[in-house]
Amino acid sequence: HTGCSGPLGPPGANKRMATDLGELLVPYMPTIRVPRRGDRVFKSECAFSYDSPESEGGLYVCMNSFLGFGREHVERHYHKTGQSVYMHLKRHVKEVRRVTKLFSNLELNRDFNGVDYEYEDEAKLVIFPDHFEIPLPNIEELPALVTIACDAVLNASSPYKKQEADSWEEEIQVSRHARSLRQQDNRVRIPPSGWKCAKCEMRENLWLNLTDGSVLCGKWFFDGSGGNGHALEHYKETNFPLAVKLDTINPDGADIYSFDEEEAVLDPHISEHLLHFGIDMLQMQRTENGHHTDNHVQPRVSDWEVIQESSLKLKPVYGSGYTGIKNLGNSCYLSTTMQVLFSIPEFQRAYVGNLQRIFDYSPLDPTQDFSTQMAKLGHGLLSGQYSKPPMKSDLIEQVMKEEYKQQQRGISPKMFKALVSKGHPEFSSNRQQDAHEFFLHLINLVERNSSGSETPSDVFRFLVEERVQCCQTQKVRYTQRVDYLMQLPVPLEAASNREELIAYESKRKEAEENMRPPPEPVRARIPFTACLQDFTEPENVPDFWSSALQAKSAGVKTSRFASFPDYMIVQIKKFTFGVDWVPKKLDVSVDVPDFLDLNRLRATGLQAGEAELPDITPPIVIPEDTRAPEIDESSVMQLAEMGFPLEACRKAVYYTGNMGAEMAFNWIIAHMEEPDFAEPLAIPTYMEPDLPGPSFPTSSALDNQPPEESISILTSMGFPRHHTIQALKATNNNLERALDWIFTHPDCEDESEAMSDTADTEPNSNSDVFFYFPRWLIYNDHKICLSERPPKDLGYMYFYRRLSSC
């Protein structure tokens, strides 16, 4: 018969009759549960470590909570909860040279090297604290409840699969309008950004009507969010039934609402319906960094080989800090972010340094505790426990016995990913994501879950000073905001191999027209100094409301550093959108320096001679109907009686939000010299598309220079050529406005000349100098090697350490 073993000897030493097994489990029967619908069974990963059934000590699954624990952590759970019965799972791995037969209790797998393995699973019930073991299966000798519970645990699906919808939830149905929807041939094209409700100023919660292409806001919610309900009003006026939420469109679908059916619906033809308005959702596939890319632009094999250093024989490294992370399926963004974070001492101290305290005070379900899972991940990466080199003696012994013991292949952070992505529509999917977006998401979680005074994410935190200037009054406003990384634009027009790129584009077009194979792609080489220069350029402020004029006006914004972090993250903005809604990745090489001096970008605050904008909050202007805006006619008549043109009075009242005749009078005084002062009020009824520039180098993009005659006119006045080009670009080649721009930006010439010295090749004594980590490693999922030729010019995010903090 089947025996049980205890602390006094091996299996069989303390044999009992079969009838005694039931008596042995009687005191623990109230604590043994059968997994119910919705219960998650963790039978492949410890809650506190990356131990699994394949680990030396196996895995213990609690028969009440169904949490898994490695040998080092199961005692902690027993003492904290008093739960005594666990299922011990152990998987034995053997290499198979020739496979001729498969047995029912064996599972056959083949690794990436073509080697076959047999996985033989062993299961026992273990009773704490005496460690009595009952081998499984034991159907005839165990109580029926225990047998059912054990069978349910052994056959439970992965806890990381999405739970099925509860029975009371209604399944979303296909709309009855989807198949018969008639779309108007009005040539409406929806841009990929810059959306605004056609009837008000709302820029969020916008819905695209699938019949006529109208972009309108959704309904208002009790908490103040949402919109003004213009999408619903449009349906009542037109009976156009279906609308799609603009910010939900992705390759897998979108959120669609039927006003007629008054519920969320499915549209099997959504890709065709969106394509009618220029949105090609089928072309929107993710790249490795998370943004979408055009299917027609394939990454070159040579690029991948350069990044992987595949032509070199790299030396693998093992031990503390050199533990790889298995790819969970498009999870590179998570792996790279976490590897870098746990190379920083502050994160190591916060989580791994406090490991025992965090584990001891973890809640009953540690899988849902952020600090516990961060400590677990940090320990897994830094302990070296899951990154051990193969021993020669072990390999010889395995060959002699014709067995194979798998070497540690890194850790698999499924539990961590499930927790940090919970409730997030993108990170909870298996699609590729953006490392920059995930980094900010994780920093938010770190700050929300930090109970102590020290938060490790503070090492990235810095203040940005924003200077906004009203172009008409020249008055300024200084504000500060918190940021965690520096985003650098990529100016394609500054490519050092510009002629080569233009020639390639010409050959590419010729090959396309003649249906010949395309030429070998040419990568744009962008100087890092050009990226910094573009970062410092003033940018236009959309919908700027000048408190000095108390009306909308033109405004420009510049950003500088009010403080510097201990670690500066520099993100190269390699992604942009085309007019066809297909996001693209720029194929560029940036000569990122080893040392970075940012002292010239230090904020200065309000300068002598600058006048501040009044601290007045702009009025809330939400016209109900752009065809007939509501205007306070009594205020209009008061102004008209003063002798001002009627149309000017109407504009003044409208642009000051019906705030009264006094505010409208101030607007008139500020605008009465304008040439269109007395022209009728014109309110735009169509959204102005804020289209980005071309995302791939073309001759038109690279030749996007102001007209030479305009440059000559300004340079003849004594202004430097570089300064005049900047001015013309900033003012859309308007000579008069460019001249004003030059006078209001006298320091731009000095900045552009000094920018070439910003990326230093050697450090100086200034405390605002940052540098790279000197030793380079390549983390390719679970494989880690010493890098010999790091492709520093092809990076997406760069982590610099401040010299003063070393």
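Positions of Cβ are set from backbone N, Cα and C atoms, glycine also.
Taken from TrEMBL, the feature domain 'UBP-type' applies to 173-281. Annotation source TrEMBL lists Zn(2+) binding site at C197, C200, C217, H230. What TrEMBL lists as domain 'USP' is 323-803. Among the features that TrEMBL reports, domain 'UBA' is placed at 630-671, 705-745.
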| message | From the DSSP assignment alone, can you count helix, strand and coil residues within the domain 'UBA' (630-671)? | response | 29 helix, 0 strand, 13 coil
| message | Test of understanding: give the count of other CB atoms lying within 10 angstroms of the CB of C197 (Zn(2+) binding site). | response | 24
| query | Can you tell which of C200, C217 has the most other C-beta atoms within 10 Å, given these are the binding-site residues? | reply | C217
| task | Across all the protein chains here, work out how many other Cβ atoms are within 10 Å of the Cβ of H230 (Zn(2+) binding site). | result | 23
| said: I need the neighbours of the Zn(2+) site defined by C197, C200, C217, H230. Which other residues of that chain put their C-beta within 8 angstroms of the C-beta centroid, in sequence order? | reply: A198, K199, E201, M202, L206, L216, G227, N228, G229, A231
| If you average pLDDT over the domain 'USP' (323-803), what do you get? | 81
| task | Tally the residues of the domain 'UBP-type' (173-281) by DSSP class, grouping H, G and I as helix, E and B as strand, and everything else as coil. | result | 19 helix, 23 strand, 67 coil
